[in-house]
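Visitor: Have a look at this one.
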Amino acid sequence: VLSSADKNNVKACWGKIGSHAGEYGAEALERTFCSFPTTKTYFPHFDLSHGSAQVQAHGQKVADALTKAVAHINDLPNALSDLSDLHAYKLRVDPVNFKFLSHCLLVTLACHHPEEFTPAVHASLDKFFSAVSTVLTSKYR
């Protein structure tokens, strides 16, 4: 459960990301594909090379979804219901992949914002990404 301090940390951190969110989303996807090669199986039609337009576009989608989640941090299930349906029923993404992407998002944010990435912010973002992952996999059952 996200505490009020966690929510404040997430909102503050995401606010500093600003216009770089799509770029960071794409970088996190690239890290995920490199570190966890099995994740590539969900993107057989993508050019997965560094800087690919398709990875950039999907990174923007990831960032947009997370921006929406931050804006609706008190009601993640309703805010992410459509995405949960998509990933559970149409795409059938293995739930472990959300953990992989979450880890790579944390690494990416830590690389770009080392001063702001305090242990408290790290913990809050980790809890937030876990909460988002839980919502996205909630309809698998």
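Quick reminder: no glycine exception, Cβ is built from N, Cα and C everywhere.
Not measured: the values here are computed from a predicted model.
According to Swiss-Prot, the record shows the following:
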type: BINDING; residues: HIS58; note: O2 binding site
type: BINDING; residues: HIS87; note: heme b binding site
type: DOMAIN; residues: 1-141; note: domain 'Globin'
type: MOD_RES; residues: SER3; note: phosphoserine
type: MOD_RES; residues: LYS7; note: N6-succinyllysine
type: MOD_RES; residues: LYS16; note: N6-acetyllysine
type: MOD_RES; residues: LYS16; note: N6-succinyllysine
type: MOD_RES; residues: TYR24; note: phosphotyrosine
type: MOD_RES; residues: SER35; note: phosphoserine
type: MOD_RES; residues: LYS40; note: N6-succinyllysine
type: MOD_RES; residues: SER49; note: phosphoserine
type: MOD_RES; residues: THR108; note: phosphothreonine
type: MOD_RES; residues: SER124; note: phosphoserine
type: MOD_RES; residues: THR134; note: phosphothreonine
type: MOD_RES; residues: THR137; note: phosphothreonine
Visitor: Treating G and I as helix alongside H, and B as strand alongside E, what does DSSP give for the domain 'Globin' (1-141) in helix, strand and coil?
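Guide: Its residues divide into 110 helix, 0 strand, 31 coil.
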Visitor: List, in sequence order, those modified residues among SER49, THR108, SER124 whose Cα sits within 10 Å of the Cα of LYS7 (N6-succinyllysine).
Guide: SER124
Visitor: If one looks at the chain holding TYR24 (phosphotyrosine), which residues at least 6 apart in sequence have a CB under 8 angstroms from its CB?
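Guide: Residues satisfying the criterion: ILE17, GLY59, ALA63, LEU105, THR108, LEU109, HIS112.
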Visitor: Whole-number Å only: compute the distance from the Cα of the residue listed as 'O2 binding site' to the Cα of LYS40 (N6-succinyllysine).
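Guide: About 13 Å separates the two Cα atoms.
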Visitor: Using Cα coordinates, what distance in whole Å links SER124 (phosphoserine) and SER35 (phosphoserine)?
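Guide: Checking the Cα atoms of SER124 (phosphoserine) and SER35 (phosphoserine) gives a distance of 23 Å.
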Visitor: Nearest to SER3 (phosphoserine) by Cα, among LYS16, SER35, LYS40, SER49, THR134 (modified residues)?
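Guide: Nearest in space to SER3 (phosphoserine), counting only the modified residues, is THR134.
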Visitor: Relative to the Cβ position of THR137 (phosphothreonine), how many further Cβ atoms are located within 10 Å?
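Guide: 19, counting other Cβ atoms within 10 Å of THR137 (phosphothreonine).
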Visitor: Can you count the other CB atoms that lie within 10 A of the CB of SER49 (phosphoserine)?
Guide: 10
